[in-house]
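Participant: Let me begin by handing over the structure; questions about it come next.
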C-alpha cells in the first residue's frame, strides 16, 4: 500500500510542477506580445547610373565576293530505264473442304421442364407503430 501512495504523490507533484510552469510561460508570452516593434532600418539609396548615348555607332558593312557561275550540263542526263513486265502467274485453285456428315440429335425426354414463376409473391409487412408527436400548437 505504501508503494502505490508514493507513486500517487509523485504523479501529483509532477502535475503541480507542470501546472505552475505553464502559468509562468503563459505570463511570459503575454509579456512578449505587449512589447513594441523595433524600428525598421532604412533602405539605402542606389547610386545614379551613367546615361547611355542616344545614337548607336554605325557598323561596317562587309563586301562579299561574287558567286562563281554554276556549271552547265552539256550532255543530257540519261533517262530511267523501263521496267520489264512481270509474267502473269496463275495460282492453282484451292482444294475443296471435306463436308461434315449431318448428325441427328436424340429426342428430348417427354417430361416437361419446370416453369419459372413470373409474379413475385407479396411479403407481409410489419404493422407500423404510430410515432409519438407533440400535439399541434395553435
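Placed from the backbone N, Cα and C atoms, the Cβ positions cover glycine too.
No curator has checked TrEMBL annotations; they are predicted automatically.
Pasting the feature list from TrEMBL:
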- 51-62: compositional bias 'Low complexity' (COMPBIAS)
- 72-89: compositional bias 'Low complexity' (COMPBIAS)
- 90-109: compositional bias 'Pro residues' (COMPBIAS)
- 110-126: compositional bias 'Low complexity' (COMPBIAS)
- 127-138: compositional bias 'Pro residues' (COMPBIAS)
- 51-138: region 'Disordered' (REGION)
- 1-28: signal peptide (SIGNAL)
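Give me the local environment of each listed feature.
Facilitator: Here the compositional bias 'Pro residues' (90-109) has no Cβ contact under 8 Å with any residue of the same chain six or more residues outside its ends.
Packing against the compositional bias 'Low complexity' (110-126) from elsewhere in the chain is no residue: none 6 or more residues past its ends has a CB under 8 Å from a CB in it.
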